[in-house]
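Take a look at the structure set out below.
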Ligand code: IPE
Ligand code: IPE
Ligand code: MG
């Protein structure tokens with residue numbers, strides 16, 4: 001565990017076995033539609049309820065001393081959904097930023113947005129810029145909202161930018177290394193996720209943080225996103241604490 005994580009880990013570490021706390025938790029918030037269907041409600045009610053679960057997750061992450069929380073809110077592939085659902089999700093993001101930004105700021109949360117801005121309406125882009133600008137100097141939890149995000153699209157943009165530099169003669173291909181690629185991703189400056197949680201029972205990545213999750217631990221939970229609460233979060237972190245991260249080497253216990 002990094003020194004940074006050790007400094008910020010006291011709450012859960014005390015409650016659990018003292019195992020490692022994740023510095024960066026990334027969540028694939030899935031199952032809003034099924035949560036609603038189970039109750040005979042339209043899908044958008046699940047999305048609406050999902051906002052409350054985001055608020056809970058942000059609060060819990062701060063309490064646990066987690067430094068970075070990424071939430072997958074809208075994928076590059078979610079445009080394939082019916083137009084009314086897409087526009088509801090766009091409206092929900094706007095309402096979330098308008099309603100919650102002041103409180104996030106007063107709680108010292110730094111907001112970052114990853115994903116392609118170009119494909120978004122100008123009023124949403126302005127709001128996202130405002131959220132980042134207002135909170136940029138905050139020193140508490142970094143909340144990363146993945147919106148119109150796709151891991152493959154992100155890598156493709158990075159490749160394109162690097163190829164352009166090579167073409168212009170300002171970059172020697174032999175100097176391209178993994179660190180440089182990381183600098184061209186939207187997540188520049190953010191450590192890779194230690195733990196990825198996916199709710200809803202699906203066990204796939206769905207184009208989330210493709211580059212960054214090379215050595216992340218995955219925990220799949222059988223709860224729908226609107227039901228994700230402090231206990232679910234704590235269970236996932238405890239499961240993470242039981243994992244043996246080897247990064248291709250040997251277990252610390254084997255050394
Ligand atoms: C997650 O819930 C929210 C988004 C992907 C925007 P879903 O809308 O995918 O809910 P299910 O998976 O259909 O239940
Ligand atoms: C992943 O969920 C995207 C988000 C949570 C924003 P999806 O519901 O879109 O993923 P698939 O289609 O089941 O893989
Ligand atoms: Mg889904």
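Note that Cβ sites are derived from N, Cα and C of the backbone, with glycine treated the same way.
Around the Cβ of residue 30 (active site), a 10 Å sphere holds 23 further Cβ atoms from the protein chains shown. Summarising the annotation, TrEMBL assigns active site to 30.
Annotated Mg(2+) binding site per TrEMBL: 30, 217, in sequence order. Applying an 8 A CB threshold to same-chain residues 6+ apart, the list for residue 217 (Mg(2+) binding site) reads 22, 194, 195, 196, 240, 243, 245. For the recorded site, residue 217 (Mg(2+) binding site), the DSSP three-state label reads strand.
A sphere of 10 angstroms centred on the C-beta of residue 35 (substrate binding site) encloses 24 other C-beta atoms. Under the three-state DSSP scheme, residue 35 (substrate binding site) falls in the helix class. Residues or ranges marked as substrate binding site by TrEMBL: 31-35, 43, 47, 75-77, 79, 81, 198, 204-206.
Note: residue 78 (active site, proton acceptor) has non-local neighbours 86, 89, i.e. same-chain residues 6+ apart with C-beta under 8 A of its own C-beta. If you look up TrEMBL, you'll see 78 marked as active site, proton acceptor.
With a cut-off of under 6 Å between the Cβ and any atom of ligand 1, the binding-site residues 33, 76, 79, 198, 205, 217 reduce to 33. Checked against ligand 2, the recorded positions 30, 35, 47, 217 give 30 as the ones with a Cβ under 6 Å from it, listed in sequence order. For residue 205 (substrate binding site), applying a Cβ distance below 8 Å and a minimum sequence separation of six or more within one chain yields 28, 151, 196, 213. Between the listed binding-site residues, namely 31, 33, the fewest other CB atoms within 10 angstroms of a CB are found at 33. Taking the Cβ of residue 79 (substrate binding site) as reference, residues of its chain lying under 8 Å away and at least six apart in sequence are, in sequence order, 86, 119. Long-range Cβ contacts of residue 76 (substrate binding site) within its own chain (separation 6+, distance under 8 Å): 115, 116, 148, 149, 150, 153, 207.
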